[in-house]
Amino acid sequence: MKGGCVSQWKAAAGLLFCVTVFASAERPVFTNHFLVELHKGGEEEARQVAAEHGFGVRKLPFAEGLYHFYHNGLAKAKRRRSLHHKQRLERDPRVKRALQQEGFDRKKRGYRDINEIDINMNDPLFTKQWYLINTGQADGTPGLDLNVAEAWELGYTGKGVTIGIMDDGIDYLHPDLASNYNAEASYDFSSNDPYPYPRYTDDWFNSHGTRCAGEVSAAANNNICGVGVAYSSKVAGIRMLDQPFMTDIIEASSISHMPQLIDIYSASWGPTDNGKTVDGPRELTLQAMADGVNKGRGGKGSIYVWASGDGGSYDDCNCDGYASSMWTISINSAINDGRTALYDESCSSTLASTFSNGRKRNPEAGVATTDLYGNCTLRHSGTSAAAPEAAGVFALALEANLGLTWRDMQHLTVLTSKRNQLHDEVHQWRRNGVGLEFNHLFGYGVLDAGAMVKMAKDWKTVPERFHCVGGSVQDPEKIPSTGKLVLTLTTDACEGKENFVRYLEHVQAVITVNATRRGDLNINMTSPMGTKSILLSRRPRDDDSKVGFDKWPFMTTHTWGEDARGTWTLELGFVGSAPQKGAVKEWTLMLHGSQSAPYIDQVVRDYQSKLAMSKKEELEEELDEAVERSLKSILGKH
C-alpha cells in the first residue's frame with residue numbers, strides 16, 4: 001500500500017490539507033457506490049437521474065453538487081457486472097462525471113483476549129468501572145482513573161451534548177441506551193436507512209459500536225449494566241463499518257453526518273493494524289473532515305476522536321492517516337495499574353490517553369459497558385474502548401462551555417491531561433521547549449475530567465490559526481546503512497507575512513523516502529527549542545521495498561506551544577543489523593498554530609497547573625520581545 005499527497009496541498013474551507021492517494025499492488029475491488037456530479041440542476045434532478053438508472057441517491061452535505069448513488073442490486077466485487085451501469089451514467093448528458101468507488105479495509109480496534117471468560121452479570125457494574133473511579137478493584141492502582149467523580153459533583157454529566165458513534169451500529173433498543181438515543185442524528189450508511197441497528201452474527205462480532213456507546217452514554221441509576229462517562233448525553237448511531245469493503249464516499253458521509261446536531265464523533269477503527277500498512281483518508285473524507293472542523297457545530301468545529309491503533313510495538317500510529325490527522329484527537333490507552341497495554345502503538349501524533357485492558361488475566365480488568373440484545377459485558381477492550389471514554393470526557397467539557405471550538409478542545413486536552421501514575425517501560429517522559437511534559441506513547445497524559453471541566457468553564461477561545469510552509473529540502477540524499485543522514489532546515493515561520501506562526505500547535509513533516517526495507521526506517525525530528533519527536537519507529541513486519549512513503553505527512557504534537565523559528569533537524573537511519581539502502585527525496589516542513597499567545601487571557605485557578613506555567617512562559621516571552629523591539633527602535637534612531 002502506498003500513500004502520499006498529490007498536487008501537494010489543497011485548499012478547502014480556508015484550510016490547507018494534504019490530499020492523500022493510495023496505490024496497491026492488489027487488484028482493486030469495485031463497489032456498488034458511485035460519486036456523481038451533474039452539469040446543472042439540484043437535488044430533484046439528481047433523484048430523477050438516479051431513478052431512471054435504478055439507483056438510490058443521497059446528497060453529500062460537505063460538497064456542493066456532488067451525490068452518492070448506490071445500487072443495491074449490484075454485486076459488491078464484480079467489475080464486469082457493474083461496468084454497464086457506470087457507462088450508462090457516463091453517457092447520460094446530465095451527468096458530468098460518475099466515479100465508481102473502490103473498496104478498502106477498515107478494522108475495528110477491539111482487542112480479543114485469548115483467555116476470554118464468559119461472565120453473565122445481573123448486578124449493576126458501576127463498582128467494576130475502575131476507569132471511572134479506581135479504588136484498586138481488579139488489582140488496579142487506586143486513583144488512576146478519569147476523575148469523572150469531580151466533574152459529576154460539579155454538576156456536569158453531558159447534558160445537551162450528542163456523541164456520534166461511527167461503527168457497526170448500536171443496539172438503540174438496549175434499556176441502558178434507549179433513553180439517551182438520538183434517533184434524529186442517527187443513520188445507517190451500510191443499508192441506507194435511518195435505523196443503525198447491528199446486523200446479527202452468531203459470534204456477536206457486531207457488538208463493537210454498542211459497547212462504545214455504553215461507555216459514553218449509558219444511563220445512570222437504572223439498575224442496568226454500568227454508567228456512561230457522560231451519562232446525560234445523547235448518543236447517535238452512525239452505522240458504516242459493516243459491509244465487505246469501505247469506500248471514500250461512506251467514510252466522508254459518516255464523518256459529515258448531521259454536523260449541526262452531532263457535537264463529537266467517536267471512531268474506534270482505522271486501517272489494518274498489521275504493522276505494514278500505510279493508509280489514511282481519501283480525498284472526499286479529507287474534504288469532509290476539513291468541512292467539519294471549519295463549519296460543524298455552527299462554525300465552532302466538529303470534534304473528531306480517534307483510537308490511535310492496536311498494532312502494538314510492531315506498528316506506528318503515524319502510519320495511520322486518521323490517528324495522525326491534525327483534525328482528530330488521537331487517544332491511546334493504559335491499563336488499570338498505569339502500564340501500557342500490549343497492543344498500544346506509539347507515535348508523536350497521539351495527544352492523550354484514557355483506559356482499557358490488555359495484560360491482566362483478571363476478568364474484571366476489562367471495560368464494563370453495554371452489550372448486544374440488552375446484555376452487559378466486562379470484556380470490552382483495545383484502544384476501541386479508549387476513544388469513547390475520551391468522547392465522554394469531552395462531552396462533559398462541552399456542557400461546561402458549549403462555545404468551545406475544536407482547537408479549544410485540543411488545547412484543553414494538552415493542558416489538563418496528567419502523567420498521574422502512567423508508566424512507559426520504553427519511552428521516558430520528557431518536557432518540550434515550553435515545559436509541557438509528554439510521552440511518546442501516552443501523549444500529554446491521561447484525561448482528567450474534573451480538571452478539564454473547571455478549566456473549560458472559564459475558557460476563552462484561542463486566537464486565529466495560521467498555516468505556514470516553513471521550508472523544504474528537495475535534493476535527494478542517500479541514507480547510509482549505518483549511522484544517520486542528518487538534514488537541517490532553518491525557518492522564520494513566515495515572520496513578517498500574514499500567515500506567521502509564532503505559537504505552535506501541530507507540525508507536519510511531509511516526507512518522500514524509499515528504502516530496501518521500509519520497516520527498518522527510523523525518522524526523528526528536532527525542533528529549534530530542542531524537542532525531539534520520533535516521527536517513525538521500526539515496524540519489523542513491514543518489508544516493503546518499492547513504494548516507501550510518498551509525500552506522507554508525519555505529524556507531531558510534542559512541540560505544542562513552542563516557537564518554530566530557527567533550525568529544525570531531521571535524522572533518518574536504519575534499525576537492525578541487515579545492510580540497507582535508502583534515499584530521501586523531499587522534506588517539507590508545515591507549521592500550524594497562532595500568532596498571538598493562546599493562554600495570556602485565560603483565567604488561572606490553579607497556580608501549579610500547566611496553564612499557569614504556560615501563561616507565565618508566554619508573558620516572559622512577550623516581555624522579552626517587546627524589550628527587543630524597543631532596543632531596535634532606539635538603536636535605529638541613533
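Going from the start of the chain as shown, residues are counted 1 onward.
Every residue, even glycine, has its Cβ placed from backbone N, Cα and C.
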Selected from C18, C212, C225: Swiss-Prot disulphide partner of C376: C225
Euclidean distance between Cα atoms of H208 (active site, charge relay system) and C494 (disulfide bond), Å: 45
Other CB atoms, at most 10 A from the CB of C494 (disulfide bond): 21
Cα-Cα distance linking S384 (active site, charge relay system) and C468 (disulfide bond), given in Å to the nearest integer: 34
Where C494 (disulfide bond) falls in three-state DSSP terms: coil
Nearest recorded site to D167 (active site, charge relay system) by CA-CA distance, among recorded positions H208, C225, C347, C376, S384: H208
Candidates H208, C225, S384 (recorded positions) with Cα within 10 Å of C317 (disulfide bond): none
Cα proximity to C347 (disulfide bond), best match among recorded positions H208, C225, C376, S384: S384
